[in-house]
Amino acid sequence: MRGDALVAIAATIGNFLQGWDNATIAGAIVYIKNDLDLGTSVEGLVVAMSLIGATAITTCSGAISDWLGRRPMLIMSSMLYFVSGLVMLWSPNVYILCLARLLDGFGIGLAVTLVPVYISETAPSEIRGLLNTLPQFTGSGGMFLSYCMVFGMSLMDSPSWRLMLGVLSIPSLLYFAFTVFYLPESPRWLVSKGRMLEAKQVLQRLRGREDVSGEMALLVEGLGIGGETSIEEYIIGPADELDESQEPGADKDKIRLYGPEEGLSWVAKPVAGQSILSIASRPGSMVNQSIPLMDPLVTLFGSVHEKLPETGSTRSMLFPNFGSMFSTAEPHARNEQWDEESLQREGEDYASDAAGGDSDDNLHSPLISRQTTSLEKDMIPPASHISSLSTRRHSTLVQDGTESVGGTGIGGGWQLAWKWSEREGEDGKKEGGFKRIYLHEEGIPGSRRGSLVSLPGNDMPAEGEFIQAAALVSQPALYSKELMDQHPVGPAMVHPAETVSEGPVWTALLDPGVKRALLVGIGIQILQQFSGINGVLYYTPQILEEAGVEVLLSNLGLGSDSASFLTSAFTTLLMLPCIGVAMKLMDISGRRRLLLTTIPVLIVSLIILVFSELVDLGTVVNAAISTACVIVYFCCFVMGYGPIPNILCSEIFPTRVRGLCIAICALVYWIGDIIVTYTLPVMLSSIGLAGIFGIYAVVCLISWVFVFLKVPETKGMPLEVITEFFAVGARQAGATKNE
């Protein structure tokens, strides 16, 4: 199993402990209230203290994780789980028990908030959805095992609630060991702090390969927030092939694209945008006019996924034959590293400490090294350099002959490159700078020597062919115009450590793309909480009791409490295979399609529950219908609406503010949880169970409309590309609104 999958499994032990605790307190409270002689209000407080603790810690967890890192916060979560378990095992009175439950809530809040962020920042884009569904699976697995434990202990003559709650400390020790000794820090967080060499080593371990230059460059570019992003179209290929197909005098249209791997470049020719992506990016496009209220973001993201293979594979087929292309740039002669601990300033350049001996060829990228300009782009490297480049590309870009893993590939069919743009200034002198380009292969065949070449979906183009690609073009994150005069040979890139700390992080929340992402994240979290999951969970025992399940089990010699625990365990067990199906589909069908498919099932099951409450079809029939609807509701919820809001929230925010934004969404989640939980008894007494289920059905209908109009599909896309699309979509929506 790959390193990134093992790391994700280890991180989700925190969610396993959350599920374990939720089920344990549900069983233990039966014995706690009798042993400590608790009133109804105090009983509710004991159960709710973990919810209060989770809500409180969430208010600051995001900002602290952006400051200290994801890993220290997960370590803190495991320690809180362990300490709270010991205190609950000891609890001499209700006051100490409430304190322990508060500490337990702190651990739950950190795990629920930061595990999805951690997985998203470490997982490759192709399986990010699968790995981020693991928290739902492990949480439900923890509930199932806990119910089994509580059921077994309930068969004892005098069950100990302290022992039930204290067992939490045992698996929390395993969680602590994994977070301390196995989990690495998030490479995106390391890059944001300028610790580039550490980030590269973590990526190599996670991906299981040496060449991670493309992803490293991607993480650096992800530090930028905002900026003007344009969508352009290019015909890209080897210089000699493209030259032959151009008309005389078209040299001025040629653009050289540079990859993150040193010495890697191609030649591109701009073309009029005719792709789905280009059309969808225009304000007032035909697609948006057909559905007036649909967010342009949905159309933009959808235009990308329409061109992916039906099998769900997002492996890049862009430029598979790099060996035939060589750079016309002389490689930079200096040994430079990005790791801030080994960098020393020499004027405006960064030089290697050279004492460590851990030189890194893949970090000699155009991000901080001088690159070619128009003065150099006609230079031809020595033949030996061409040969070495060709050999290197063949060895690094193809692994086991099956998958393209080269420096330019950043996942999901996207490639990273830069271009040098040049224009004539007011004083007549030429000036310019680098532009960042995210490339995505189009479904439109490129032309070769005036003819059309068919490029089937999964076939690699033959050597010499070239293709048409859509491009997201914007300013590099770490480009400094002030250094241009001091480096006339080429642009200078600023080290991440100097730029990420500029300006308060709260100002980034005002960026149109970030505000748009917050709207999606907050909206889907609120609607998820009000869609009925807590109400259905709360009344599951009552519904099953009406079905006669507990009576049947009691006739087999089980007490009512034991029968209740066993039925809860069985219900939880049914969820696990459904979550397994969701894990398989999350990166194939996608998040949006799963939501649009499963939410209608939730609506129908809730409507039938209302019907069974209002119409008397006989005790047995009503109970059977209600039980079936509850099971269907649970199974469909954990396939879509359960895990996907957290997955989306961990994907749609820029690196610099991801922790802060995810904390805002999580805070909304916990507040919604509190509101729903504590309004249930009031609603029950006023409108009854049928009214409650009816309201939940209406909220689910609103949720489906919200997802259809506002929630884009993010499967298989690099996180940095997702945030670029949010920036483009926000500006397009603003332009459409002004029109």
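Start at 1 and count along the chain as shown; that gives each residue its number.
Cβ from N, Cα, C; glycine included.
Nobody curates TrEMBL annotations by hand; they come from automatic prediction.
Marked as compositional bias 'Basic and acidic residues' by TrEMBL: 331-348.
Annotated compositional bias 'Polar residues' per TrEMBL: 385-402, in sequence order.
The domain 'Major facilitator superfamily (MFS) profile' feature in TrEMBL is assigned to 7-715.
Taken from TrEMBL, the feature region 'Disordered' covers 329-408.
Within the same chain, residues 21, 25-26, 29, 32, 38, 73, 94, 97-98, 101-106, 108-110, 112-114, 117, 505, 659-664, 666-667, 670-671, 673-674, 677 sit at least 6 positions outside the transmembrane segment (44-65) and bring their C-beta atoms closer than 8 Å to a C-beta of that stretch. The transmembrane segment annotation in TrEMBL covers 44-65 (among others).
Residues or ranges marked as transmembrane segment by TrEMBL: 71-90 (among others). Through the fold, the transmembrane segment (71-90) approaches residues 11, 13-14, 17, 61, 64-65, 96-97, 99-101, 103-104, 106-107, 110-111, 114-115, 118, 162-163, 165-170, 172-173, 175-176, 179-180, 183-186 of its own chain, all at least 6 residues removed from its boundaries and within a Cβ separation under 8 Å.
The feature transmembrane segment is assigned by TrEMBL to 102-119 (among others).
Residues annotated as transmembrane segment in TrEMBL: 139-156 (among others). For the transmembrane segment (139-156), the residues of the chain that approach it from at least six positions outside its boundaries are 15-24, 27-28, 163-164, 167, 559, 561-562, 565-566, 568-569, 572-573, 575-576, 579, 638, judged by C-beta separation under 8 angstroms.
Residues or ranges marked as transmembrane segment by TrEMBL: 163-183 (among others).
Residues or ranges marked as transmembrane segment in TrEMBL: 563-582 (among others).
Residues annotated as transmembrane segment in TrEMBL: 594-611 (among others). Listed by sequence, the residues of this chain that lie at least six past the ends of the transmembrane segment (594-611) yet keep a Cβ under 8 A from its Cβ atoms are 531-532, 582, 585-586, 625-626, 629-630, 632-633, 636-637, 639-641, 644, 690, 693-694, 696-697, 700-701, 703-704, 707-708, 711.
Same-chain residues lying 6 or more positions outside the transmembrane segment (623-648) and placing a CB less than 8 Å from one of its CB atoms are 112, 116, 120, 128-129, 132-133, 135-136, 140, 520-521, 524-525, 528, 531-533, 536, 540, 543-544, 546-549, 571, 574-575, 578-579, 581-582, 585-586, 591, 594-595, 597-599, 601-602, 605-606, 608-609, 611-612, 617, 665, 669, 703, 711, 714. What TrEMBL records for 623-648 (among others) is transmembrane segment.
Nonlocal intrachain contacts for the transmembrane segment (660-680), taken as residues 6+ away from its ends with a CB within less than 8 angstroms of a stretch CB, comprise 48, 51-52, 54-55, 58-63, 65-66, 109, 112-114, 116-117, 505-506, 509, 514, 517-518, 521-522, 525-526, 528-530, 534-535, 538, 645, 649-650, 653, 692. Positions annotated as transmembrane segment by TrEMBL: 660-680 (among others).
TrEMBL lists 686-709 (among others) with the feature transmembrane segment.
Only residues 6 or more beyond the boundaries of the transmembrane segment (686-709), in the same chain, are considered here, and those with a CB under 8 A from a CB of the stretch are 291, 293-295, 298, 523-524, 527-528, 530-532, 535-536, 539, 592, 595-596, 599-600, 602-603, 606-607, 609-610, 613-614, 641, 680.
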